[in-house]
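Participant: For reference, the structure I am asking about is given below.
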Amino acid sequence: MSESGEMSEFGYIMELLAKGKVTIKNIERELICPACKELFTHPLILPCQHSICHKCVKELLLTLDDSFNDVGSDNSNQSSPRLRLPSPSMDKIDRINRPGWKRNSLTPRTTIFPCPGCEHDVDLGERGINGLFRNFTLETIVERYRQAARAATAIMCDLCKPPPQESTKSCMDCSASYCNECFKIYHPWGTVKAQHEYVGPTTNFRPKILMCPEHETERINMYCELCRRPVCHLCKLGGNHSNHRVTTMSSAYKTLKEKLSKDIDYLIGKESQVKSQISELNLLMKETECNGERAKEEAITHFEKLFEILEERKSSVLKAIDSSKKLRLDKFQTQMEEYRGLLENNGLVGYAQEVLKETDQSCFVQTAKQLHLRIQKATESLKSFRPAAQTSFEDYVVNTSKQTELLGELSFFSSGIDVPEINEEQSKVYNNALINWQHPEKDKADSYVLEYRKINRDDEMLSWNEVEVCGTSKIIQDLENSSTYAFRVRAYRGSICSPCSRELILHTPPAPVFSFLFDEKCGYNNEHLLLNLKRDRVESRAGYNLLLAAERIQVGYYTSLDYIIGDTGITKGKHFWAFRVEPYSYLVKVGVASSDKLQEWLRSPRDAVSPRYEQDSGHDSGSEDACFDSSQPFTLVTIGMKKFFIPKSPTSSNDPENRVLPMPTCIGIFLDYDKGKVSFYDMDHMKCLYERQVDCSHTLYPAFALMGSGGIQLEEPITAKYLEYQENM
């Protein structure tokens, strides 16, 4: 069948269902893939027990793999002191079918799969798709469903010469359909093929035996009760299920079949109750429809009242502005008339010229005295011109900022729902933002809406983004680097919501997060340093050499720094990583170092009982205090005794107290390889504590050094926790 035919197959089957031509019950909703919305094709069972088409899993993993590679291509050309081999290039489909990847594998692969059914992330494990079982039962039901819809369309013989005849049998061993004549020809009596299993005409050919995906040549014959999945005997003997409790397949079959039969009988017995509840739901839907319309009418009434108030205020404000404008224009008009009278042949000047023509002295003096005072007053007004009114209407500017903010937060009355409070201690931002909040009436809130927006440097705030959350925490992804974000949350119960919580301001790192682990293969001193299994935490401890050399302490003994670096190097780009220094640490140095400097450090003799032992071997970082070079192949700052020590520089104060800061809870390092600059940040407030130039002519690695008791914990990127699924047998 063509692709367009496959896409319309479900619609065709539904049409036959509507016409009553298909006798199978209406179970089509159980037979549709949640990804492609079509009937299942070779469905696979995910760890969360939902099924999905084989081709849909491949397509989704290809999409995730492309996004993973796009992110990886933006990172720097990372190298390491370890030997790294280039991964071979091959077709993406082949790579999808290969087993998954570990964190430090040479060819990392995406194995976290978002299930379209439950929308949760599931881990496909190291084998990827190869570790998933085909859901043959579902496949059989889908094929039965198709056959019911295709009853009028016969399945043709696969071996007939054109034109083919209608098939009467299908051989499960040959995976082909035959008419009576072809079946006799290809399955002659007395041969091995005559013993093949045959059924009625079908297109669904599945294996007779379910094989183990871990051991492809072994048959499934047991059931792991802990993992709730079928296994083979090799899985139990030496595989991942060696310590698990297993049972026989027949026992599991019997148990599950009895439980499923009881469940079905219970549901059938409750059919009348289900129907009554459906009727009740119909009534509730109608009541909801009426109440919703009533609520809309009430909301419209409230908004119309607001519109009336706004129109009234608008009319009042405009009337006040018009009155003030008319009064000012009248004053300007009067003043303008007075000044026009000062012009020649107009008003006062013309009248004065006529008075000058008077020859009678007594009459002239009588009139000229008052005229002189008027002209003198007009002359003074010319010397100090003042408008009769103001042109500005600043006093009439309507300030609606407060009202705009209130209208923006306009919502339904809270009806007693308390305001949620964001927990600042548990909320943090790294490569993503993790927001936690608390609500006194957690059980009474149906859901929450988390809002966040970016704040620009000029304090310009963009519109709020909203995310609906069922719990009391949420991870926000795709945040921009070196940016400031505001977060707030409100609670909902039904259609009622609470006011918004107080805003939380968080600053994102100045560069993409750089992931690495401690490398124990490069000069690692296992007598002094202790790594955990994850290699994301290192602790400094006293070694046996120090205890054996205790008798020489009277004559002098020096303890050296123990270095450990990251397993991945940086050759370009901007990167940011963070870590925590334990408060009890005596002396810790953190920063970056180039590959050539590492060789110099790691070549130094480190055995205290050796005659070649050098005092404070490799402690080159002390040169930062002795002399300052604008660009060195390393940069290390000192942390210890709950203090952060800023290295001496020409611009820093000579007062030691000004160079000592309280140790931050979490410390971040920002390396701009292209500009040759490294910066140290207080991670909690994303505040730069110290920065300087560094020589970037070689590969740079995250470098750490410890002396005495101490501990360093790498900050884990914020990611969603894997959900644990519980399935009842």
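Backbone N, Cα and C define each Cβ position, glycine as well.
Here the structure is a predicted model, which means the values were calculated and not measured.
Just lifted these from TrEMBL, have a look:
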DOMAIN    33-84  domain 'RING-type'
DOMAIN    207-249  domain 'B box-type'
DOMAIN    356-413  domain 'COS'
DOMAIN    419-511  domain 'Fibronectin type-III'
DOMAIN    496-721  domain 'B30.2/SPRY'
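Relative to the rest of the structure, where do these features sit?
Facilitator: The average pLDDT for the domain 'RING-type' (33-84) in the predicted structure is 69.
Sequence-distant contacts of the domain 'B box-type' (207-249) (same chain, six or more residues past either end, CB-CB distance under 8 Å): 127, 130-133, 136, 172, 197, 727, 729.
DSSP states for the domain 'Fibronectin type-III' (419-511), grouped as helix (H, G, I), strand (E, B) and coil, give 3 helix, 45 strand, 45 coil.
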